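J.: Below, the features straight out of TrEMBL:
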BINDING   A:Ile127, A:Asn151  substrate binding site
BINDING   A:Arg206, A:Ile207, A:Asp226, A:Pro261, A:Leu262, A:Thr263, A:Asp264, A:Lys265, A:Asn287, A:Asp313, A:His337, A:Ile338, A:Ser339, A:Gly340  NAD(+) binding site
DOMAIN    A:67-365  domain 'D-isomer specific 2-hydroxyacid dehydrogenase catalytic'
DOMAIN    A:163-339  domain 'D-isomer specific 2-hydroxyacid dehydrogenase NAD-binding'
SITE      A:Arg289  site 'Important for catalytic activity'
SITE      A:His337  site 'Important for catalytic activity'
2 protein chains.
Amino acid sequence: MAMMIKRVASTAARSLLSSSNSPFTRNLHASGGKKKIVGVFYKGNEYASMNPNFVGCVEGALGIREWLESQGHEYIVTDDKEGPDSVLEKHIPDLHVLISTPFHPAYVTAERIKKAKNLELLLTAGIGSDHIDLNAAAAAGLTVAEVTGSNVVSVAEDELLRILVLVRNFLPGYHQAVTGDWNVAGIAYRAYDLEGKTIGTVGAGRIGKLLLQRLKPFNCNLLYHDRLRIDPELEKQTGAKFEEDLDAMLPKCDVIVINTPLTDKTRGLFDKDRIAKCKKGVLIVNNARGAIMDTQAVADACSSGHIAGYSGDVWFPQPAPKDHPWRYMPNHAMTPHISGTTIDAQLRYAAGVKDMLERHFRGEDFPEQNYIVKEGQLASQYR
Amino acid sequence: MAMMIKRVASTAARSLLSSSNSPFTRNLHASGGKKKIVGVFYKGNEYASMNPNFVGCVEGALGIREWLESQGHEYIVTDDKEGPDSVLEKHIPDLHVLISTPFHPAYVTAERIKKAKNLELLLTAGIGSDHIDLNAAAAAGLTVAEVTGSNVVSVAEDELLRILVLVRNFLPGYHQAVTGDWNVAGIAYRAYDLEGKTIGTVGAGRIGKLLLQRLKPFNCNLLYHDRLRIDPELEKQTGAKFEEDLDAMLPKCDVIVINTPLTDKTRGLFDKDRIAKCKKGVLIVNNARGAIMDTQAVADACSSGHIAGYSGDVWFPQPAPKDHPWRYMPNHAMTPHISGTTIDAQLRYAAGVKDMLERHFRGEDFPEQNYIVKEGQLASQYR
């Protein structure tokens, strides 16, 4: 209860700040003195030293340790995020800032938020903050922000990769190469050109748009479903057709790509019934979030052949357990969550996190598009 | 010797035909009566019946059996192509037309040409006739033709797939998914965006041009080396820069794609010395022909890390033996020869072969761009 009052006060102060930049509120942040900042990333282990730009792992620590510590802040970095004895849990009660990523998500539950009495700011190094209970964060007056745009190109490129991997039946061919086999028929009987096929994206936000642009020269029929139509100029440029009704679009698609955030509305969107509405033999690419799909329904449809191929880098939960059905279903091309954490993306989201920390310490606003929760409000895509 | 005379006469007749369409030469072909046509394709086995459009395998026989036999021709189809006891060898002495493919190449040596006393026409179902001794075919007055354009889109799409597979370090991720592992760092430390990288194509013919067009929206630096500059309009459209000197282009490239035919000039083009000229950590994609590379030099450079990734679907010889070094070298993404034999491509090259057979029986010329050897002359790309 005391916490809630503090929170409200803090929110009010920040609200004041954003309109006035008063010396008082500036002071609140700038001379708040030593902050405790916790970063939760994936471990680099033996790979950490193999690339000087590998800043996204625990050891790389976004390349901001020296800078933070030179300012007197405490910076704790870990990959140990689950359960009551984890390093993250230990620091929850007194951390000020939590930096997390979608690739190795620190699940920030309402319970953790309640325990985090000093928490001011949740930063996502990357895009997608659904590992945070955003409603709880909003109710607690916290700010949640992402590095919007930092890896949209990375993800869009990776989606095109996965479309081609499935359309061309690439993996059985690779398997033959490494096992000493040579059986062209075993690949070719279900390998197709992408040209002339119908590709539909469920969601045409930043990533969906970049995918449509990259698909344009392949001479496909491009469809998109979203709440709103995209810019008419981009529609013209890509030739993509708007489909207002998702269930009307699905049966037309040879390939479906999921490009929607995980929200209360999209959780479990592709359940057994919706998958049944897709064309028999559909290929599905999902680099958005695993929980948009019904896990078992996807596995069953891959087994029956209704889905002829499924590829993505997102699972629920993450890391995916050893017995996750998507590891074993036929015709999948799954990977761990990697598409948004290329070396190029890491450098961009590390720079974005540093920029937001600098602004936070100075009591300045972030770039508007970075906010996921601001002053008790969720960004529009999460509402 | 008698054969050579016959050949010269035949060539003269065909030469006459192409200018005059005289009833005499027309008759020569049209009422030549029963022809023996042999097709050498890869076996479909259990996959043959899995797709009604799978016409490229032995069982599918390009879908022209009924049509050929209804005209009284004999049509023998096999995958048995090597050695003195093979089905192909048995029919060499009296076949009139040989249809072969690059995917399961019937090696047509000078010796086989010498034995093939009735041979008139060599058709390649696909593109790339380097499995035929073209000089021997020209000297013997034979016609060699391909279905030019039938699978250029298929191959170009597949090249982009392979570029992305290597740039994104896709395969170690897939391997983790199927083995129950989850180690984002082991993938991410060498996964990159394609955006901003320098891609050079060695050869900018039909396939190279299609690749450049498909790469355009990825915002890369595009370079190309060829004997001639491409159309200025296409250069402007793709932003690709001409590199007259191959060895000057190579050190600039993060990714090199081979798009040149196999000729006396390109055989072994990428030997140890030329690979050493490439940037350390270069990625190489080769869907052109395996023999353009020095096999062991590629394997050694992959082992040393000078080549950071190599992907292609072409080998020498084909099928690749179980002990081919490219099956075992690190960081490869090889497959059997499949990029040009998608179902879409099969339907196109089957139609193209049928069209040329019809024209041949009627004594008509083929589309000019299909000729590889015509009236003793090799097509320009093979000279």
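Just so you know, glycine gets a Cβ as well, placed from its N, Cα and C.
Since this is a predicted model, take the numbers as computed values, not measurements.
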J.: Same chain only, sequence gap of 6 or more: which residues have a CB within under 8 Å of the CB of A:Arg206 (NAD(+) binding site)?
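T.: Counting only residues 6 or more apart in sequence, the Cβ neighbours of A:Arg206 (NAD(+) binding site) under 8 Å are A:Thr148, A:Gly149, A:Val152.
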J.: Listing the binding-site residues A:Ile127, A:Arg206, A:Asp226, A:Leu262, A:Asp264, A:His337, which lie under 8 Å (Cβ to Cβ) from chain B?
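T.: Out of A:Ile127, A:Arg206, A:Asp226, A:Leu262, A:Asp264, A:His337, A:His337 lie under 8 Å of chain B.
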J.: Can you count the other CB atoms that lie within 10 A of the CB of A:Asn151 (substrate binding site)?
T.: 31
J.: Of all the Cα pairs drawn from A:Arg206, A:Ile207, A:Asp226, A:Pro261, A:Leu262, A:Thr263, A:Asp264, A:Lys265, A:Asn287, A:Asp313, A:His337, A:Ile338, A:Ser339, A:Gly340, the residues the record ties to NAD(+), which distance is largest, in Å?
T.: 25
J.: Quick check on the recorded positions: of A:Arg289, A:His337, whose CB has the lowest count of neighbouring CB atoms inside 10 Å?
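T.: Ranked by other Cβ atoms within 10 Å, the recorded positions A:Arg289, A:His337 bottom out at A:Arg289.
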J.: Please report the number of other Cβ atoms within 10 Å of the Cβ of A:Asn287 (NAD(+) binding site).
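T.: Taking all protein chains shown, A:Asn287 (NAD(+) binding site) has 25 Cβ neighbours within 10 Å.
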J.: For the domain 'D-isomer specific 2-hydroxyacid dehydrogenase catalytic' (A:67-365), report the average pLDDT of the model, please.
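T.: Taking every residue of the domain 'D-isomer specific 2-hydroxyacid dehydrogenase catalytic' (A:67-365) together, the mean pLDDT is 97.
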J.: What number of additional C-beta atoms lies within 10 angstroms of the C-beta atom of A:Asp264 (NAD(+) binding site)?
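T.: Cβ-Cβ neighbours of A:Asp264 (NAD(+) binding site) within 10 Å number 9.
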J.: Distance check, please: Cα of A:Leu262 (NAD(+) binding site) against Cα of A:Asn151 (substrate binding site), rounded to an integer number of angstrom.
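T.: A Cα-Cα distance of 17 Å.
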J.: Can you give me the Cα-Cα distance between A:Ser339 (NAD(+) binding site) and A:Arg289 (site 'Important for catalytic activity') in Å, rounded to a whole number?
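T.: About 12 Å separate the Cα atoms of these two residues.
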